[in-house]
């Protein structure tokens, strides 16, 4: 069901409202019944006291007649009619009770124990009430007793005022009917309100669901568009963040797919040419089309060159794959960057001399200790130096410089109880040549696999050297940067951040 949560919320709201109504109704009924009985009892007491006072005044004017209660007969019948309740008069001396409506009398011996106790309390001067006279009246009733005083203040009789309880019950029933009507009306209105509230509550969840459906269908630009300062708003914000991450992942996936396709295309292209040449040469030799020893030797030389190119290409691919694998660990040890740089320059001197290129090494930083892989770092510098020598024109120089960058950042040190500011500097290894330079549009792609300049100087390149150098730099947390003037200069900078724990000077950590 599409609206299952809506119906559940409406059901929850209705159940809460119904439970509240039942509890409120029960409490109201109990309190209303208690309060109605209390008010009725108070009203009866007030009327009983009023009748008792009237009888006291009547007796003080000398209208007793015979006996304490006999003289009140006609007067009591009159009071019985106007009081709208049955009035009895108890005489303690005669131990009798005069019933006004029937003009009969009852003796104390006919009374229940609780009724006689009420009369005793009245003659003690109290105005009291109970329901012990109900068996005598044949209906559930409440009886209130009040004392009658003579001129001297003595209690001469007790007025008993009876009122049926069914009158109270009728009032309670009327109140319950009104309450039920009000509750049903409130439930109806509350149900309408609960539907509106449920829909309002569900609306942001529907938006979240709709956005999720769009993302499932591939639309990663979808957003929930829910802005609320509550848990649902926080959930929507997290889901929007998840959508952004999914969009980034999808973008990365597309890039990886394209890189994979480009890789397959590039490797196919790189392998096709030497394989085709080798295959063609072998077919020529196999068919005996070439008999001249000199030409045969040239074919063998070409096949050897193409085989070496294939071997170098395969080795570079294997090397790059290893470096890109996070599980492949490089062996780090404490070493001197100056020694590695000198070794790399020394290894390139012979190749540089063949091209009549001079390599100038300038070390302004001195000995710099570093924790890294000696062979990999040497390989990294050799790749950049090889490119620099390869593209440098004859009778030119390749500049290699190691120095500390002037601009660094401030660090607060504590010396002899005083805080001092010292400036940390970045270590930079700079390699520059005066070759043909790199076009600006090619600069962003020089570290991509198989990206290489199609020129006479680079005809033997595999397009994997710079990606390998970049991977080695990243594995050592070294920043590598290339700048080029398309006319006459290209430079590579290796930047060792002062925040790196692996960089140390001869005086300690930078």
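Using N, Cα and C of the backbone, Cβ positions are placed for all residues, glycine too.
Note that this is a predicted model, so its numbers are computed, not measured.
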Annotated stretch (coiled coil, per TrEMBL) among the listed ranges 239-266, 267-294, 295-322: 239-266
Annotated transmembrane segment segment (source TrEMBL; candidates 153-175, 176-198, 199-221, 337-359): 176-198
Integer average pLDDT (0 to 100) for the coiled coil (239-266): 81
DSSP-derived helix, strand and coil totals, residue by residue, for the domain 'HAMP' (199-251): 39 helix, 0 strand, 14 coil
Residues from the same chain, set at least six apart from the ends of the coiled coil (239-266), whose C-beta lies under 8 A from its own: 208, 211-212, 215, 220-224, 449-450, 463
